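Engineer: One structure, as structure tokens, below. Some questions next.
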Amino acid sequence: MNTASSLKSRLTRAQKQIHCLLEQSGETLTAQAIYQRLKDQQQMLGLATVYRSLRSLQIKGLAQARALPNGEWAYGLTSDDSHYLTCLNCGTSVPVEDCPVHSLEEKLGQSSHFQIFYHTLEFFGLCAPCTGRLEAESP
Ligand SMILES: [Zn+2]
Ligand SMILES: [Zn+2]
């Protein structure tokens, strides 16, 4: 995408470092995990800088955040799949391959004069192991 690559060239050093890390990791990471991994790679950034840079990347449409059941946020690139079945008990998230709303997104983007960067779709409940465990525990 042309727009994305021209945006990327205008990123600050910290934003580039974080974007690069998200690209390499291929999974969503919390701000704490991003901070820790950069530190492991000898790329020290303050936690406040990590948060601020993530916010900037989100507004540029290059990163997205997802609320985890434990109240933390997981960050990833907007190109990452963002459809999940999430267990409220253990926090496991299973990606969902099917997307029923992509055509809706295109339609809205054309008709609502709103620049849509991404959408998310998430279902909450209990995974099979947790369902089994909770049933075994109840009298
Ligand atoms: Zn579970
Ligand atoms: Zn979708």
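FYI, residue positions are counted from 1 along the chain as it appears here.
Cβ atoms are placed via backbone N, Cα and C, with glycine included.
Not measured: the values here are computed from a predicted model.
Pasting the relevant annotations from TrEMBL:
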- Cys87, Cys90, Cys127, Cys130: Zn(2+) binding site (BINDING)
- His119: Fe cation binding site (BINDING)
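Help me see these features in their spatial surroundings.
Structural biologist: Within 10 Å of the C-beta atom of Cys127 (Zn(2+) binding site) sit 18 other C-beta atoms, taking all shown protein chains into account.
Around the Cβ of His119 (Fe cation binding site), 15 further Cβ atoms fall within 10 Å across all displayed protein chains. Secondary structure from DSSP puts His119 (Fe cation binding site) in coil.
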Engineer: Could you work out which of the binding-site residues (Cys87, Cys90, Cys130) has its C-beta surrounded by the smallest number of other C-beta atoms within 10 A?
Structural biologist: Cys90
Engineer: Using DSSP and three states only, what is Cys130 (Zn(2+) binding site)?
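Structural biologist: Cys130 (Zn(2+) binding site) sits in a helix per DSSP.
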